[in-house]
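Written out below as structure tokens is the structure these notes cover.
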Amino acid sequence: MNRSRAIVQRGRVLPPPAPLDTTNLAGRRTLQGRAKMASVPVYCLCRLPYDVTRFMIECDMCQDWFHGSCVGVEEEKAADIDLYHCPNCEVLHGPSIMKKRRGSSKGHDTHKGKPVKTGSPTFVRELRSRTFDSSDEVILKPTGNQLTVEFLEENSFSVPILVLKKDGLGMTLPSPSFTVRDVEHYVGSDKEIDVIDVTRQADCKMKLGDFVKYYYSGKREKVLNVISLEFSDTRLSNLVETPKIVRKLSWVENLWPEECVFERPNVQKYCLMSVRDSYTDFHIDFGGTSVWYHVLKGEKIFYLIRPTNANLTLFECWSSSSNQNEMFFGDQVDKCYKCSVKQGQTLFIPTGWIHAVLTPVDCLAFGGNFLHSLNIEMQLKAYEIEKRLSTADLFRFPNFETICWYVGKHILDIFRGLRENRRHPASYLVHGGKALNLAFRAWTRKEALPDHEDEIPETVRTVQLIKDLAREIRLVEDIFQQNVGKTSNIFGLQRIFPAGSIPLTRPAHSTSVSMSRLSLPSKNGSKKKGLKPKELFKKAERKGKESSALGPAGQLSYNLMDTYSHQALKTGSFQKAKFNITGACLNDSDDDSPDLDLDGNESPLALLMSNGSTKRVKSLSKSRRTKIAKKVDKARLMAEQVMEDEFDLDSDDELQIDERLGKEKATLIIRPKFPRKLPRAKPCSDPNRVREPGEVEFDIEEDYTTDEDMVEGVEGKLGNGSGAGGILDLLKASRQVGGPDYAALTEAPASPSTQEAIQGMLCMANLQSSSSSPATSSLQAWWTGGQDRSSGSSSSGLGTVSNSPASQRTPGKRPIKRPAYWRTESEEEEENASLDEQDSLGACFKDAEYIYPSLESDDDDPALKSRPKKKKNSDDAPWSPKARVTPTLPKQDRPVREGTRVASIETGLAAAAAKLAQQELQKAQKKKYIKKKPLLKEVEQPRPQDSNLSLTVPAPTVAATPQLVTSSSPLPPPEPKQEALSGSLADHEYTARPNAFGMAQANRSTTPMAPGVFLTQRRPSVGSQSNQAGQGKRPKKGLATAKQRLGRILKIHRNGKLLL
């Protein structure tokens, strides 16, 4: 409710009066007055119209309204009047009747069955006598010089901060001899101020001069408290300067534009004048603002409650209850901390903390409120609570939504600037940006826009701002996910051991290591459980390389993961090391960590605690260390699975059996795929660079690593010098692929996937000029067949457990080496063929999985035709526009999906096949060469195992293949018999037909048929020409090959369409 409009009648607050009917007034009014009031309603003895800023009281006799200043009634005393009589009615009915008290306030409050009212003398006495949890458990006590933006960023400004001396805070204050009369002098005695009646917990208006008289009066009938005297626009503002940290963080100080049409919020400077026993009930500062208090004289006691979700819900229910002044909110929560702020001390209360204030002695203090970016989400949450509680505008942050729009625009600029400069925003800024964007969406919804559009600045384009901010947040979060596990706590600002030389003041019972600059001890340090070994190892792993040396007295920090895992895996034994263990880990170590058996023969290690005492930790025995090493290795491997939920797995190929556990149970490790060329975080290379608020001290670098390199940091040390797939290797590969001029480029090379795409586009653009040299063509043929070697070897190696260095290098990627007497003939042939292929590669680069041939490779190398035919299963071979159509070998075990056959295509193929069979029979009878007829008959007869198939497509010229090969190359060694024509119709439906003139095609991968691309290719064949010369008869044009004849029979148009 607006206090300036409050009107009191018999102690009750009433709305402004309605215009009076002047015809019913008493005869004390003159005719002149009646005529004047007929047009404009007037009141009181002064006959003035209604003034919203002046206090008025109603007469119970004549029902007229009078100004308190005109009839001599003060607003704070009006509540004690039972029946008020105006000066005119006083003559007829006597003086006003005051309320009758049934006894003293003490007896009234302590009456049986009557609850104690908040703010009453009894309430204050009971509050003084109660005990609360000490605030030393939660508050921080840095010096003024330590309280910087970096300090708050590291600790997120989530707990109160008490600075014992104002030195280093950078604020200006009057001398301790400054009094309330001096405040009146600088502000003015006529300044109207809001005053709280503590006993009634009600607000009233007073002039500052009247309050000063009350303050210095010998007898105070009431307890009045002034907590909302904002003096930014007075002369007192020149004597008070807010702390430097507040000026750096405040939104109003830094982001409110000078030319804004909205009124600038003035909430930075307040003067608090409180008499003894003043009490302010529990509240959250308006708009979720943080607040600073400096006690110039006297003392104040703060009762602090942490803003957890449960406590905020209880607070909202308590604030909306009808008997709020009969319940002490501190009794409803689990923890309520008591913090006493004495003269000369400064307290900073963070966003959302619920607090009440008691003044034990007369006190003069200064303070102020400010919004900041360290906890935007909590500020918005507090603002929503205010709206749900229907808090009056007078007690809310002025133009809160307006400043939020300006801040959203500012955060967007920060994100863009940092991204362009390859620098990272801090995590609190990202969370704040997300919370702001959600609030913007809620405020601009169609149904809610009328209530919020008045506070939207004209210079802000709301829709575009929401869209751009969401995009930047999405980009930043992608970078965050890519850097999880790669760097040690880059984006989270909570550090285990913040760097600093000056220790903070903390309770004596805290047992944190003296190196730590910040600790949040529990209420009872002896009851705090120590960390278990696994938790300690996880913390040490997250800490990474941030830990530094503790001191010269033999206190060294050490990376526990390096000590346990690396030494155990390399040598099997442990070196002596000193560990950085917090005091919490040492408390009750015998009870909470029974697994850590100590050997009394080992040399102890002394640790100096923050309280000056020493503790000795005995080294672990050799057998115990071996067990712990296994546990640590397991924990480290399981920690890699944290990334599982952050990324989408493309295929089952990412599932590998980790072989490092030996005889232990094999753990299924998920290797997440990371996109290439994403920004990575690296330590800032410029030590002189000034870090901006909201930025992390790390740069962004372009990453050119492959998927294997993303996990190389975890398993790289386990192998013996395995460097396959590293950055240097990939850069070399890029140079091999790019050609001789590629090294002259100034830009960084593209990733292998990009190079493969470039190769495909170049091949499509240079179809006629790609068959240049035999050497390059052999490389291309090897590339086509090499894919299936790697896939076959990976499938053969999957599921094997080996402790050899080779298997540790790339688990699941190498084939199993068998003794000579175990190998079959086909395996020996494959091994010999692979050796020949590797020899033919020459200087072409290759790594553990891939080969990177040059762009001039071709498939027409005659050297490849001399190699033995063997079955290839490279389904993932890259498409090449130069590749010939290769026969698809039957896959007996391949499941056929139901509903995938096209009836029209099947019917057409069946009819065409039948017609083809008849034509071939007729041609065979008319041919002069009798030698070919037995072969044709053999082909025409269906094989026994294919009798159950619906259709068999014969190709009569395939039988001539052995003879054609003999003319160009020697006979290959014998191998298992392959049948190019067997298989169901599903094997030939969507794939190319077998070719009788390409013997080397058996070494290639299966290529899917693409109408218009493969079937229309016409290439002259050396084998076909020799065959024609030997026969002495030249076939018709366009019918030289079986593919051409089949295309003619099936009526396949040259554009690749199948005409049925």
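Every residue, even glycine, has its Cβ placed from backbone N, Cα and C.
The shown structure was predicted, so the numbers you read here are calculated from the model rather than taken from an experiment.
Copied over from Swiss-Prot, here are the features:
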type: BINDING; residues: T280, K300; note: substrate binding site
type: COMPBIAS; residues: 769-778; note: compositional bias 'Low complexity'
type: COMPBIAS; residues: 785-804; note: compositional bias 'Low complexity'
type: MOD_RES; residues: S69; note: phosphoserine
type: MOD_RES; residues: S651; note: phosphoserine
type: MOD_RES; residues: Y704; note: phosphotyrosine
type: MOD_RES; residues: T705; note: phosphothreonine
type: MOD_RES; residues: T706; note: phosphothreonine
type: MOD_RES; residues: S722; note: phosphoserine
type: MOD_RES; residues: S804; note: phosphoserine
type: MOD_RES; residues: S826; note: phosphoserine
type: MOD_RES; residues: S834; note: phosphoserine
type: MOD_RES; residues: S854; note: phosphoserine
type: MOD_RES; residues: S857; note: phosphoserine
type: MOD_RES; residues: S880; note: phosphoserine
type: REGION; residues: 101-115; note: region 'Linker'
type: ZN_FING; residues: 41-92; note: zinc finger
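In this structure, K300 (substrate binding site) is part of a beta strand by DSSP.
Note on T280 (substrate binding site): other Cβ atoms within 10 Å of its Cβ, all shown chains, come to 21. Using DSSP to sort the residues of the zinc finger (41-92) gives these counts of helix, strand and coil: 16 helix, 11 strand, 25 coil.
The recorded positions considered are S69, K300; of these, S69 has the fewest other C-beta atoms within 10 angstroms of its C-beta. In this structure, the CA atom of T280 (substrate binding site) is 28 Å away from the CA atom of S69 (phosphoserine). In this structure, the C-alpha atom of K300 (substrate binding site) lies 34 angstrom from that of S69 (phosphoserine). Regional average pLDDT for the zinc finger (41-92) in the model is 87.
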